[in-house]
Amino acid sequence: MAAAVLRDSTSVPVTAEAKLMGFTQGCVTFEDVAIYFSQEEWGLLDEAQRLLYRDVMLENFALITALVCWHGMEDEETPEQSVSVEGVPQVRTPEASPSTQKIQSCDMCVPFLTDILHLTDLPGQELYLTGACAVFHQDQKHHSAEKPLESDMDKASFVQCCLFHESGMPFTSSEVGKDFLAPLGILQPQAIANYEKPNKISKCEEAFHVGISHYKWSQCRRESSHKHTFFHPRVCTGKRLYESSKCGKACCCECSLVQLQRVHPGERPYECSECGKSFSQTSHLNDHRRIHTGERPYVCGQCGKSFSQRATLIKHHRVHTGERPYECGECGKSFSQSSNLIEHCRIHTGERPYECDECGKAFGSKSTLVRHQRTHTGEKPYECGECGKLFRQSFSLVVHQRIHTTARPYECGQCGKSFSLKCGLIQHQLIHSGARPFECDECGKSFSQRTTLNKHHKVHTAERPYVCGECGKAFMFKSKLVRHQRTHTGERPFECSECGKFFRQSYTLVEHQKIHTGLRPYDCGQCGKSFIQKSSLIQHQVVHTGERPYECGKCGKSFTQHSGLILHRKSHTVERPRDSSKCGKPYSPRSNIV
């Protein structure tokens with residue numbers, strides 16, 4: 001976009017130039033609150049983020065316009081001179097009723113605002129300005145360069161400057177100040193009180209803030225790092241009466257100081273009356289209020305789904321279009337949102353900017369950090385509507401709900417086995433392929449799953465970080481500690497729906513339920529005998545092989561089952577038989593137990 005070029009159509013009298021210096025000294029500049037992007041950074045922003053950028057820039061511009069335009073102006077007529085802007089049509093002022101302020105076009109504000117709108121790459125939008133800035137419309141029937149207009153204007157009209165509306169949504173009187181003008185409300189009473197005599201203007205482009213301050217701004221324009229150019233009012237000399245204690249900047253009046261302090265970084269002056277949450281921008285507060293009201297004004301034309309924010313609707317549209325405009329330069333993977341691409345790129349760079357204050361663990365995305373922090377706080381915000389069970393993650397709730405529906409949408413194409421999770425199917429398919437891609441660096445043993453490898457690593461380190469608070473017993477895995485703690489509490493959370501029997505572990509319940517179904521899925525390849533449990537099949541197969549893998553360390557006797565070895569070991573530890581005082585026959589303590 002070419003920058004707007006200023007052309008001085010008449011000379012400015014010396015008195016006006018001197019008056020300008022008195023007017024502009026100490027004012028806040030648009031550059032102080034502007035936000036810039038490089039070409040590369042701008043390319044990473046999606047449409048929703050560009051809309052947010054537009055909103056922020058327009059609100060900041062409305063603030064600066066109020067600070068610069070009318071403060072310090074003299075109560076006298078403006079000298080006749082004009083400033084025009086190339087490419088910006090002259091605008092005829094709509095007729096206004098006597099009870100309302102008359103409207104006049106603003107050749108100072110229009111170039112700024114059209115530049116900001118062009119940045120968002122949203123063609124076909126029309127710009128509406130109220131108050132001193134009047135109406136800027138693309139319709140040529142409103143333009144009349146041959147008939148210069150005459151109108152009265154007072155300083156208070158600058159309070160109503162720079163209200164933006166999208167095409168097809170013209171403003172109403174009730175909307176003035178609703179969005180971008182809210183931060184300017186403090187100026188209106190002072191402006192009205194300090195001024196009675198209106199300024200007389202004879203031409204559309206001769207409003208006092210157009211004829212003087214715009215002419216001065218053209219002398220200090222500055223190109224930003226972005227491809228577009230903005231004009232920045234800047235004054236480096238002059239007396240400054242009010243100084244900000246936060247940033248040290250000075251203003252020519254107290255009202256300007258109040259406005260300057262509102263745009264300091266980190267400040268959130270706009271508070272929600274419902275919950276007390278505060279925001280830095282009024283537009284953010286308006287979006288937040290819809291949480292309380294339940295308003296969802298943005299509706300998807302494809303599926304009818306509604307949203308509280310326009311940016312969310314824009315992102316949702318990509319679900320239907322399948323658009324993925326953001327591509328990773330490293331691996332070529334594409335994403336529908338730029339934020340997802342930024343998080344993905346951290347996989348390649350190894351960057352982990354989000355750190356947990358509790359344990360110091362770092363993460364690549366803020367959402368992952370939030371989920372992790374719930375392990376410290378114990379928060380479980382997701383509740384099952386069927387059984388009331390709580391979960392830390394929404395994904396865990398979705399998986400859990402399949403227990404109630406018995407849904408297993410992921411089916412193996414080779415054996416027909418189905419799974420409730422896609423990852424479960426992927427892991428199962430490795431059984432058919434025989435792939436074991438995860439290998440232990442210590443012993444060379446390989447595994448089909450990374451989680452199994454991680455568990456195996458603890459065998460080499462002998463690390464047992466999970467200690468029972470009741471008995472002090474340590475475990476390698478947290479899941480085993482949880483199961484162990486049920487022996488102390490007596491908790492049996494898994495209930496059989498057939499007979500009502502309870503179990504401490506879920507897999508024990510699964511094995512038990514096979515009794516009711518009669519299912520014996522584990523068949524012996526030698527004799528065809530079937531078993532309910534896989535462990536029972538393994539024990540049975542020893543009968544055919546003759547293997548006795550369990551050997552006593554004291555006497556060398558071997559056994560086919562581990563339980564047989566345990567029973568045998570007790571024969572080495574029990575006391576020698578003693579004679580009965582009644583019958584004289586020897587007995588052992590174990591034989592005395594009924």
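Quick reminder: no glycine exception, Cβ is built from N, Cα and C everywhere.
Bear in mind that the values here come from a model prediction, so they are computed numbers and not experimental data.
As annotated by Swiss-Prot, domain 'KRAB' applies to 28-111.
What Swiss-Prot records for 242-264 (among others) is zinc finger.
Taken from Swiss-Prot, the feature zinc finger covers 270-292 (among others), and the record attributes it to sequence analysis. Mean pLDDT for the zinc finger (270-292) in this predicted model: 85.
Look at Swiss-Prot and you will find 298-320 (among others) tagged as zinc finger.
The zinc finger annotation in Swiss-Prot covers 326-348 (among others) and is backed by sequence analysis.
Taken from Swiss-Prot, the feature zinc finger covers 354-376 (among others). The DSSP breakdown of the zinc finger (354-376), given as helix, strand and coil counts, is 11 helix, 4 strand, 8 coil.
Within the same chain, residues 371, 374-375, 420-421 sit at least 6 positions outside the zinc finger (382-404) and bring their C-beta atoms closer than 8 Å to a C-beta of that stretch. What Swiss-Prot lists as zinc finger is 382-404 (among others).
Residues or ranges marked as zinc finger in Swiss-Prot (evidence: sequence analysis): 410-432 (among others).
Residues or ranges marked as zinc finger by Swiss-Prot: 438-460 (among others).
Residues or ranges marked as zinc finger in Swiss-Prot (evidence: sequence analysis): 466-488 (among others). Among residues of the same chain six or more beyond the zinc finger (466-488), those with a C-beta under 8 A of the stretch's C-beta atoms are 455, 458-459, 504-505.
The zinc finger annotation in Swiss-Prot covers 494-516 (among others). Packing against the zinc finger (494-516) from elsewhere in the chain are residues 483, 486-487, 532-533: each is 6 or more residues past its ends and has a CB under 8 Å from a CB in it.
Counting same-chain residues at least six beyond the ends of the zinc finger (522-544), those with a Cβ under 8 angstroms from any Cβ of the stretch are 511, 514-515, 560-561. Annotated zinc finger per Swiss-Prot: 522-544 (among others), in sequence order.
Summarising the annotation, Swiss-Prot assigns zinc finger to 550-572 (among others).
Taken from Swiss-Prot, the feature region 'Disordered' covers 569-594.
According to Swiss-Prot, the compositional bias 'Basic and acidic residues' annotation covers 572-582.
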For the zinc finger (298-320), distant same-chain residues with Cβ under 8 A (at least six beyond the ends):
46-49, 51-52, 287, 290-291, 336-337
